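Some features that Swiss-Prot has for this protein:
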type: BINDING; residues: G53, D74, S81, N82, L83, H84, R85, K98, D142, N143; note: ATP binding site
type: BINDING; residues: C183, C186, C261, C264; note: Zn(2+) binding site
type: ACT_SITE; residues: C198; note: active site, glycyl thioester intermediate
type: DOMAIN; residues: 313-399; note: domain 'Rhodanese'
type: ACT_SITE; residues: C358; note: active site, cysteine persulfide intermediate
Amino acid sequence: MNPQEKIICSSNGLELSLDEYSRYGRQMLLSEIGLPGQLSLKRSSVLVIGAGGLGCPAMQYLVAAGIGTLGIMDGDVVDKSNLHRQIIHSTSKQGMHKAISAKQFLEDLNPNVIINTYLEFASASNLFSIIEQYDVVLDCTDNQYTRYLISDTCVLLGRPLVSASALKLEGQLCIYNYCNGPCYRCMFPNPTPVVASCAKSGILGPVVGTMGTMQALETVKLILHINGIKKDQFDPYMLLFHAFKVPQWKHIRIRPRQQSCKACGPNKMLSREFMESSPKEYTTICDYVPTLSKQLAPIRRISALDLKNLIETSPHITFLDVREPVQFGICRLPLFKNIPLSEVDSLQNLSGKVCVICRSGNTSQTAVRKLQELNPQADIFDVVAGLKGWSTEVDPNFPLY
């Protein structure tokens, strides 16, 4: 804002500039907002954790609406694979910290908003000192451990949490830890051993964009205490979205705060001191143990260059691609037959050498273990780094996705 610009004082002593009157005028015409609501937005501070597919639209609409301060927390950098859904970032920003890329975009969108960046991933050691500076927190991450960590921290600091997720064609949204409502751990007390991700299962850009936009909307409602989000009148609910179904939206009531919850129940087991000083013990007491796949023995793995030689010299080897059919249809190597991981149990008569490949060398290891149990007579092995390794080591023109 130009320091020479004339300041107009509102009736309650807070200030809006001429630019802000012009900028926010269309939403100030709404009876639900008006000048008091706009001033409430200007007084507010919001932390967005994750500057990706959810965070990008959420930040855009919150900054455009005129919140006072925005915090952006993300330790990742912009990658080309992000750009179809993370619409704040651009081709020229590849390799730049997402938080910096977002700040540049948002400062140009609305220079009246104070924007702070945190170029780090959320952890038990840094999250408390950051969240306590803000009024509302948005969880825009796609990591299960981080979701529990953010929720637990918000509970201990008394901050409301607007959480959303999106995968494939579906999304969900919920406000946690508000007016004695449930926290994330109340709803999902036990972490799921295997969690799908956008990188593995896919995501349609407008789906995650819709959910991020809804996070911004629910945050505005929360700040203004309107439309069912009034203090002491809040009835917890979850919004469910499916892009290709009719109706697309479902609004469901959710259970209240749980007495048995380790984070917010009367006998809670968590404290700030414990979480900050004992991160390993925190993951244990909260039943979160990251699932780490045990690597196959080196004798059961070959490089992409070794695979090239096998394709050229060993036509009698059985070549299996254990990706899903839709991925197999995107790109494939010659000689490989598509048998998805879910169907490898049907292969019980294999013999000789069997080479297994997948997208990046993880699913193929699981497939090899299953096939070894079913076919102890066969010599079964996989390709390190899968098709990504093939593109890196053998054929740079092979498409990655």
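Note: Cβ is positioned from N, Cα and C throughout, glycine not excepted.
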I'm trying to understand the geometry here, so how far is the Cα atom of G53 (ATP binding site) from the Cα atom of the residue listed as 'active site, glycyl thioester intermediate', in Å to the nearest whole number?
10
Other residues with Cβ within 8 Å of the Cβ centroid of C183, C186, C261, C264 at the Zn(2+) site?
S151, V155, Y176, N177, P182, Y184, R185, R257, Q258, K262, A263, G265
Residues satisfying Cβ distance under 8 Å from D142 (ATP binding site), sequence separation of at least 6:
G50, G52, L54, S165, S197, C198
Taking DSSP as the reference, which of helix, strand or coil describes C264 (Zn(2+) binding site)?
coil
Where among the binding-site residues L83, C183, C186, C264 do you find the Cβ with the fewest other Cβ atoms within 10 Å?
L83
Integer Cα-Cα distance in angstrom, C261 (Zn(2+) binding site) to the residue listed as 'active site, cysteine persulfide intermediate':
40
DSSP-derived helix, strand and coil totals, residue by residue, for the domain 'Rhodanese' (313-399):
33 helix, 16 strand, 38 coil
Give me the non-local Cβ neighbours of C358 (active site, cysteine persulfide intermediate): same chain, 6+ apart in sequence, Cβ-Cβ under 8 Å, ordered along the sequence.
D321, V322, R323, L341, S364, A367, D382, G386, L387
Mean predicted confidence [pLDDT] for the domain 'Rhodanese' (313-399):
96
Could you say which of the recorded positions C198, C261 has its Cβ with the most other Cβ atoms inside 10 Å?
C261
Nearest to R85 (ATP binding site) in three-dimensional space, by Cα, is which of the binding-site residues C183, C186, C264?
C183
If I take the alpha carbons of C264 (Zn(2+) binding site) and L83 (ATP binding site), what is the distance between them in whole Å?
38
Restricting to the chain of S81 (ATP binding site) and a gap of 6 or more, list residues whose Cβ falls under 8 Å of its Cβ, or answer none.
A199, Y401
Which secondary structure state does DSSP assign to D142 (ATP binding site), in the simple three-class scheme?
coil
